[in-house]
Amino acid sequence: MTEVRRRGRPGQAEPTAQKGAQALERGIAILQYLERSGGSSSVSDISGSLDLPLSTTFRLLKVLQAADFVYQDSQLGWWHIGLGVFNVGSAYIHNRDVLSVAGPFMHRLMLLSGETVNVAIRNGNEAVLIGQKECKSMVRMCAPLGSRLPLHASGAGKALLYPLTEEELVGIVVNTGLRRFTPTTLVDLPILLKNLEQAREQGYTVDQEEHVVGLNCIASAIYDDAGSVVAAISISGPASRLTEDRFISQGELVRDTAKDISTALGLKPPVA
C-alpha cells in the first residue's frame, strides 16, 4: 500500500506531537492545581506554582475555558473549575454507580444462566463493555473491558437501541451504516427495525452469531430513575451451549435481571 506523507521538513511531525502532549500535561496540571486550591486561583498563583510562563498559563486557561473546564470571575479575575469538569466526573460516577448496583445481580445471573454476564454502555455509535462476571464453565466467552461493540450487531448494542424511537434509530444507521460482520448480521434496515420492535415487546434482544460466528448473546436494557436507558446487561456463550431452544428461558432471566437493576437504580414500576 502506498503511504502518503505530508510535505514538510523531516522529523517535523514528532516535535509537533510532543508539543501537543506537553500542552495537554500542562492543562491537566492546571486543573489539578485548581482542585488542590479549593477550586479557584489567580493566574499569577497558577503560573508561579507550576513554574509556567504567565503568557503560557493564560493561553492554556483560555483553551480550557473554551471547553468549559474553567471559567473566569469577572470581578476578581480569578479562575475557577468549570461545569465541564463536573460533567466528566458525573459521567464517571454514574457509570460506577450502575456497576456497583448491578454487581450482585450480575453474579446471580451468572449462576442462574451458567454464562458470562456483561454490562455495557452506549458511547456515541458504539457500545462499550464496562463490567463483566465470567462464568465458571471451562468453555466461556469473554471480552476485555473497554471492548467496543457495534450497536446493530451485538446483544448489548441492540438492547441500547430498542428503547429508541424509529427516527433516532434511522439517524444512527445513517451515521454508521449497517456493516456486515457475519452471515447473520442484520444489514437491512426494515429487518433490523422489526427485530428491535420484537425485542421491545419481549423485553430482551438476541444476537444470534451476528457479531462473531459461534457466539450468541441475549441482552436487555437497564433504566435509571428518570426512565432513561443507562446501560445494557447481557449473557454471552458459545452457540453450541446457548442454543436457540434456550433463548426464551434465558431471555426472560436476563430481562428480569435488568428490571431488578433498574428498580435498584430508582425506576418506579408502571402504575396498573
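Glycine residues also receive a Cβ, built from the backbone N, Cα and C atoms like all the rest.
Small disclaimer: the values here were computed from a predicted structure and weren't measured.
Here's what Swiss-Prot has on this protein:
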type     : residues                                                       : note
DNA_BIND : 43-62                                                          : DNA-binding region
BINDING  : Ser154, Gly155, Ala156, Asp207, Cys217, Ser234, Ile235, Ser236 : glyoxylate binding site
DOMAIN   : 21-83                                                          : domain 'HTH iclR-type'
DOMAIN   : 98-267                                                         : domain 'IclR-ED'
REGION   : 1-20                                                           : region 'Disordered'
Non-site residues, in chain order, whose CB comes within 8 A of the mean position of the CB atoms of Ser154, Gly155, Ala156, Asp207, Cys217, Ser234, Ile235, Ser236 at glyoxylate: Asn118, Ala159, Asn216, Ile218, Ala219
CB contacts for Ser234 (glyoxylate binding site) [other CB atoms within 10 A, all chains]: 30
In sequence order, what residues of the same chain, 6+ apart, have a Cβ less than 8 Å from the Cβ of Ile235 (glyoxylate binding site)? Leu109, Met110, Ser113, Glu115, Thr116, Val117, Asn118, Cys217, Ile218, Ala219, Leu242, Gln250, Leu253, Val254
Could you tell me how many residues in the domain 'HTH iclR-type' (21-83) are helical, how many are strand and how many are coil under DSSP? 38 helix, 8 strand, 17 coil
Need the DSSP three-state call for Ile235 (glyoxylate binding site) to compare against my parser. strand
Cα-Cα distance, maximum over Ser154, Gly155, Ala156, Asp207, Cys217, Ser234, Ile235, Ser236, record's glyoxylate binders, Å: 11
Structural state of Ser154 (glyoxylate binding site), classified by DSSP into three states: coil
Can you tell me the mean pLDDT for the domain 'HTH iclR-type' (21-83)? 91
When a 10 Å sphere is centred on the Cβ of Asp207 (glyoxylate binding site), how many other Cβ atoms does it contain? 27
DSSP on Asp207 (glyoxylate binding site), three-state: which is it? strand
Could you tell me which three-state DSSP class Cys217 (glyoxylate binding site) falls into? strand
Cβ neighbour count within 10 Å, max among the binding-site residues Ser154, Ser236, goes to Ser154
So if I draw a 10 Å sphere around the Cβ of Gly155 (glyoxylate binding site), how many other Cβ atoms end up inside it? 31
Once the chains shown are all counted, how many other Cβ atoms turn up within 10 Å of the Cβ of Ala156 (glyoxylate binding site)? 30
